[in-house]
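These features come from TrEMBL:
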TRANSMEM  27-50  transmembrane segment
TRANSMEM  62-86  transmembrane segment
TRANSMEM  93-112  transmembrane segment
TRANSMEM  132-153  transmembrane segment
TRANSMEM  174-194  transmembrane segment
TRANSMEM  206-227  transmembrane segment
TRANSMEM  297-318  transmembrane segment
TRANSMEM  338-361  transmembrane segment
TRANSMEM  381-398  transmembrane segment
TRANSMEM  418-441  transmembrane segment
TRANSMEM  453-478  transmembrane segment
TRANSMEM  498-517  transmembrane segment
Amino acid sequence: MENDMDEKFEDWKGKEAISGKHGGIRAASIVCVVVMMENIVFIANGFSFVKYFMGSMHYSPAIAANMVTNFMGTSFLLTLFGGFIADSFLTHFTTFIIFCCIELMGLILLTFQAHNPKLLPEKGKTPSTLQSVILFIGLYAMATGTGGIKASLPTHGGDQIDRRNPRLISRFFDWLYFSICFGCLLAVTVVLWIEEKKGWMCSFDISVGILASALCIFTVGLPFYRFKRPNGSPLKKIAIVIISAARNRNKSDLDEEMMRSLIPSDKNIGHNKLKWIDKAMLNKNISETEVEETRTFLGLLPIFGSTIVMSCCVAQLSTFSAQQGMLMNKKLFRSFEIPVPSLNAIPLIFMLFSIPLYEFFGKKISLGNNNRSSSFNLKRIGLGLALSSVSMAVAAIVEAKRKHEVVHNNFRISVLWLVFQYLMLSVSDMLTLGGMLEFFYREAPSNMKSISTALGWCSTAFGFFLSTTLVEVTNAVTGRLGHQWLGGEDLNKARLELFYVLLCVLNTLNLLNYIFWAKRY
């Protein structure tokens, strides 16, 4: 929905923004740097929490896995709340400052707990009530802050780019995802290596320092930014349109013809989708623009819903894949052991090289014009969904081989066998999430950029929650059949390979569902 060229932007003093002085590549570049730094903190902790919960807090593997997926899921789900705040009440800049402070306070609380032995459970015991309260307050303060940051930062960066240059907007989102990947790479290599050598306390200390530095860097860029002031809750307007359309659903054809006469002929192109919304304009207080914005937002929801199962597959990288790696041979050389989360470094390096190539060839694929179409990003998302199905099939084969060698030959295969699923799932996530962020930002109404962009992150949230639900449902069903696939503390006695097969089947069915909705968009 690239029809918002006449938007008004202000500088930090409330005066009209000046082109060349406010916004532009310089301001957007600051956003990319801050995204990278925040992602170092989030990913380093997200990938290592499962080991922390099992080793230091003494939770069982299943509980630890669900705690991680719930934390990650809540973090991404709260992007909707952060997006709502940014679009309705605050600027994207202010939203980031507030939520970054919340995340920083949660991280400081977890750091304080890691430094104080009295706040950690004794060996062989689960956390006390006080210890659990401190853990979960810190954990979900981090989740709340992350939600607001991920909703506001991409939109704030996109707002720095001139809407009359859609190709530059596409390049920004490509490099934004590059920054995300680079932050991930530093997290799973440098930070996790320090954690392996120096322990949890050092890792938390570094995370606090990085996040505090990101907050300072972002604030220093204040004179260079341009801001778009919110003008009320867009969700309230959408609700009014939908309620009005529902109330007028039984109006006569004559009334409908009168309503269509109110619509300029050049606005009738999009009326093949969700025609029932048109009847909202029989309410004289509802404008044609509000109806079109509602139609556009509702049209994004099936695309959003069709990516959730893929995010469920990605969730396995920080849970069961990490647990698999802990039971495998992690030695690469005589004296060097690779931390399991650092396996992500291989696909991340691949993606860091592929994103510039993807941007170049993406321009060629889009016939060399300056505007990547909606269909281009929809195909990009579809390719990511297809690749995630293949990755789950490969994961099932690798797990079957790992368990066979352990049980029958008492031999631990190399942790590098996990590289295949890490690589394919990471590339799948790059294609899908990167495509969604740009697609939702460019298609969304001008007053719903944050909350629409948050849909991309929210898909990841529902994917993590779906993972938790699937684990519980799978254990409940298979337990009644005699043996839980994912029960107990010994992964060698579980049937993780069958769970991966289940995910492969579900994701393949979901791909067919996505193709249906993408063709209708």
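Placed from the backbone N, Cα and C atoms, the Cβ positions cover glycine too.
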TODO: Could you tell me whether the transmembrane segment (418-441) and the transmembrane segment (93-112) have 3+ CB pairs under 8 A, leaving out pairs under 6 positions apart?
DONE: no
Task: Proximity of the transmembrane segment (381-398) to the transmembrane segment (498-517), 3+ C-beta pairs under 8 angstroms - done: yes
Open item on the list: I need to check the long-range neighbours of the transmembrane segment (27-50): which residues 6 or more away from its ends have a CB within less than 8 Å of a CB in the stretch?
Closed with: 64-65, 67-68, 71-72, 75, 100, 103, 107, 142, 146, 149, 153-154, 156-158, 160-161, 172, 175-176, 178-180, 182-184, 186-188, 191-192, 195, 203, 207, 210-211, 213-214, 217-218, 220-221, 224-226, 317-319, 322-323, 341, 344
TODO: May I ask you to check whether the transmembrane segment (297-318) and the transmembrane segment (418-441) make contact, with contact taken as at least three Cβ pairs under 8 Å and only pairs 6 or more apart in sequence counted?
DONE: yes
Task: Remote residues contacting the transmembrane segment (418-441) - C-beta distance under 8 A, at least 6 residues beyond either end - done: 154-155, 158, 169-170, 173-174, 176-177, 181, 300, 303-304, 307, 310, 313-314, 316-317, 321, 324-325, 328, 340, 343-344, 346-348, 350-351, 354-355, 372, 374, 377-378, 380-381, 383-385, 387-388, 390-392, 394-395, 398, 449, 452-453, 455-456, 459-460
- [ ] Find the member of 62-86, 132-153, 174-194, 206-227, 498-517 that has more C-beta pairs under 8 Å to the transmembrane segment (453-478) than any other listed stretch.
- [x] 62-86
Task: Folded-back contacts onto the transmembrane segment (174-194), same chain, C-beta under 8 angstroms, at least six residues removed - done: 31-33, 35-44, 47-48, 154, 157, 202-203, 206-207, 339, 341-345, 348-349, 351-352, 355-356, 358-359, 362, 430, 433-434, 437-438
Task: Tertiary contacts of the transmembrane segment (132-153) (same chain, 6+ residues out, Cβ under 8 Å) - done: 31, 34-35, 38, 42, 45, 57, 71, 74-83, 85-86, 92-93, 95-96, 98-107, 109-110, 113, 119, 450-451, 453-454, 457
